[in-house]
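Engineer: Can you read through this structure? Questions will come right after.
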């Protein structure tokens, strides 16, 4: 490609392809401001960067909602918050056999990472429920040794972060959701963003790989999205899941406006240029909102996705996603 035909800001960003070094905040802000007509040029660059500097292949993971609803936090997008009024199934922490059944199904469909997710604030200290989760992790390691076991169980303290590391957790997910300075206004004010960031730091000190990303479509600006990407870089996270809001009836964001497709493409491309070596996953919104365009996101810098369903909304069939991955391989 003759980069002289590109917008100058995109042409300058081709430096990432040659060096593997990320773009600066100023460059990201300029690229974020470009009109939608340049989104595909940006996506093309991001895909090339992914192929040259990414981890290689397509990284699929699946999660299980192991404890649902009655969460005391007031996250505005979440169906599980007791502050909201969504119609969802509510249940306490499931038993080990139920977890093993779901995990085995994922492994049989070629999914390499399986995550246990629980509703609620988290586990700053050891308690009986947290010890049950540790036992589940041990059981999965014993029964399915080839499966990478992950967890997303909220805010942690030093004791619980160290325990998860000892029990061999592969990745821990806790999302920033938005730029740190916008968290209280756009997401929740029953807890602070610093608690989430400190959880990431605790886990990194214990040597645990962290999966940490955000959600778009909750009222943030494009500048806010860029700020979130750079906050993630400062936290040294290895996997970045990006969710697109799926409005759920009974939540404050049930009538939120959809994010333009060109902006979604731009966010994924910028994520790759800010994080050339990380795994960038497309999570919520892939099937329901992107529909025919979900493959485009996987060619805009993403190299992974969440498969098989989400916490309170349905996803796509595991077998369909397995075929999807095989077809995407021809672009690598």
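Yeah, the Cβs are placed from backbone N, Cα and C, and that goes for glycine too.
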Engineer: Return the residue out of 67, 266, 281, 291 that Swiss-Prot annotates for the same [2Fe-2S] cluster site as 150, 211.
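Structural biologist: The one candidate that Swiss-Prot places in that [2Fe-2S] cluster site: 281.
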Engineer: Take the C-alpha atoms of residue 211 ([2Fe-2S] cluster binding site) and residue 78 ([4Fe-4S] cluster binding site) and report the distance between them in angstrom, rounded.
Structural biologist: 19
Engineer: What is the average pLDDT across the domain 'Radical SAM core' (53-283)?
Structural biologist: 96
Engineer: Please report the Cα separation of residue 78 ([4Fe-4S] cluster binding site) and residue 281 ([2Fe-2S] cluster binding site) in Å, rounded to an integer.
Structural biologist: 20
Engineer: Apart from 71, 75, 78, which residues in this chain have a Cβ no more than 8 Å from the mean position of the Cβ atoms of those residues at the [4Fe-4S] cluster site?
Structural biologist: 73, 74, 77, 79, 80, 81, 83, 84, 119, 188
Engineer: Can you check which residue among the binding-site residues 71, 75, 150, 211 has the largest number of Cβ atoms within 10 Å of its own?
Structural biologist: 211
